[in-house]
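These notes are about the structure you will find just below.
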Amino acid sequence: MTKKNLAVCSFCGRSEKDVEKLIAGPSVYICDYCIKLCSGILDKTPAPATQEIATSSTSSPTSLRVLTPKEIKRHIDSYVIGQERAKKTISVAVYNHYKRIRALMQDKQVSYGKSNVLLLGPTGSGKTLIAKTLAKILDVPFTIADATTLTEAGYVGEDVENIVLRLLQAADYDVARAERGIIYIDEIDKIGRTTANVSITRDVSGEGVQQALLKIIEGTVANIPPKGGRKHPNQEYIRVNTENILFIVGGAFVNLDKIIAKRLGRTTIGFSEETDLAVTNRDHLLAKVETEDLITFGMIPEFIGRFNCIVNCEELTLDELVEILTEPANAIVKQYTELFEEENVKLIFEKEALYAIAQKAKQAKTGARALGMILENLLRDLMFEIPSDPTVEAIRIEEDTITQNKPPVIIQKSPEAIA
């Protein structure tokens with residue numbers, strides 16, 4: 001085995017030649033040195049796996065503060081541009097979900113239904129960001145999973161229950177907190193079909209994953225292996241009740257608009273052309289989605305039936321992409337401006353340049369995700385040179401910098417300022 005191919009400890013980086021033992025796990029390794037180190041830490045503090053195994057929250061009813069839908073949306077607005085309908089819908093769903101938990105903790109006679117959410121929309125439209133922002137607002141454990149990595153029992157891949165393990169880890173193994181957490185599952189549409197073409201024929205293993213997810217989404221007491229991986233006899237488990245975990249799933253559902261149009265008796269001629277009219281028509285159709293459309297797409301009825309909130313995230317407009325660049329609390333332009341300010345250099349973006357960046361992102365068809373890549377490629381060389389050049393006072397990004405690959409305008413300091 002060459003040095004390049006030597007297995008190394010995932011924690012300390014020692015290779016298998018530098019340690020006595022190297023234990024392999026799912027895509028990770030741990031050496032005997034790190035095991036001894038962890039053992040010493042665990043001897044001083046109770047190990048999560050040996051703590052009392054709880055299956056329900058023991059917090060008092062007053063410990064759970066429930067924000068109003070308007071408060072939730074106002075916080076989301078600070079980070080997510082556009083998607084007004086989606087933000088309102090999800091704010092109400094989250095509000096009702098946590099009212100439900102509080103009612104259960106207070107032993108009220110009337111119980112509320114669970115408000116799991118299905119987000120439809122193209123890549124980069126803000127589905128994942130909405131879920132991440134919710135987790136920050138509500139101060140609850142949050143984890144993201146990719147549906148394409150999940151497999152049903154008996155297949156090689158990640159068990160569905162490992163999603164709950166990741167939520168438990170995000171809660172520092174506090175079972176009560178994990179049972180009030182949020183799980184976001186992305187690419188959910190990819191487990192409903194076998195090809196990129198719309199078909200009513202479902203992939204057998206994909207349907208199996210939907211069945212496995214259905215169990216934890218509708219609520220069950222899951223036996224979670226503390227270390228992950230496949231279950232085996234004589235293994236210790238942590239019991240987690242998933243009944244009050246909020247599940248949000250998202251997917252692009254490509255060509256779902258054609259299924260809806262067929263049901264409504266409309267034509268989709270010209271939808272392959274990415275014109276503003278075509279995008280608007282597609283968004284209007286997705287806003288009319290019904291359960292039967294998702295079933296035709298390839299999702300099983302029982303799975304879709306667990307999501308009483310189905311909402312469409314519309315494709316971002318040019319103006320919204322520009323707003324994303326500059327307006328949110330963590331806007332990308334603000335981040336880069338701050339980085340250059342630390343070098344005492346002012347970074348200036350002309351308005352036309354911002355629109356050119358937004359247009360370039362729109363052409364990439366990955367929504368807001370393309371914005372960061374465009375700016376990184378644009379500013380990488382400058383970030384390399386500027387720390388070693390005390391003569392630069394400001395950098396101006398013009399439209400030609402984006403559209404014609406012209407260098408940014410470098411404004412030098414006056415000789416007096418340098419001296």
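Just so it is clear, glycine is given a Cβ too, placed from its N, Cα and C backbone atoms.
Quick caveat, the model's predicted, so the values are computed rather than measured.
Quick look at what Swiss-Prot lists:
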BINDING   C9, C12, C31, C34  Zn(2+) binding site
BINDING   P122, T123, G124, S125, G126, K127, T128, L129  ATP binding site
DOMAIN    1-50  domain 'ClpX-type ZB'
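Each of the binding-site residues S125, T128 was scored by the number of other CB atoms within 10 A of its CB, and the lowest score belongs to T128. For the pair formed by T123 (ATP binding site) and C9 (Zn(2+) binding site), distance between Cα atoms is given as 35 Å, rounded to the nearest Å. Here C9 (Zn(2+) binding site) is positioned 32 angstrom away from T128 (ATP binding site), judged by their C-alpha atoms. Taking the C-alpha atom of G124 (ATP binding site) as reference, the shortest distance to any of the binding-site residues C9, C31, C34 belongs to C9.
Nearest to K127 (ATP binding site) in space, judged by Cα atoms and limited to the binding-site residues C9, C31, C34, is C9. The ATP site, placed at the center of the C-beta atoms of P122, T123, G124, S125, G126, K127, T128, L129, has further neighbours from the same chain whose C-beta lies within 8 angstroms: G121, G250, C313, G367, A368, R369. C31 (Zn(2+) binding site) and P122 (ATP binding site) are 43 Å apart (CA-CA, integer value). Ranking the binding-site residues C9, C31, C34, L129 by C-beta neighbours within 10 Å puts C31 at the top. Listed in sequence order, the binding-site residues from C9, C31, C34 having a Cα within 10 Å of the Cα of S125 (ATP binding site) amount to none. Packing around P122 (ATP binding site) is summarised by its Cβ count: 22 other Cβ atoms lie within 10 angstroms of its Cβ, all protein chains included. Annotation: G126 carries the greatest number of neighbouring Cβ atoms among the binding-site residues G124, G126 [cut-off 10 Å, Cβ to Cβ]. Counting every protein chain shown, the Cβ of K127 (ATP binding site) has 28 other Cβ atoms within 10 Å.
Neighbour count (other Cβ atoms within 10 Å of the Cβ, all protein chains): 19 for T123 (ATP binding site). C34 (Zn(2+) binding site) is 39 Å away from G126 (ATP binding site) when you measure Cα to Cα. According to its DSSP assignment, C31 (Zn(2+) binding site) is in a strand.
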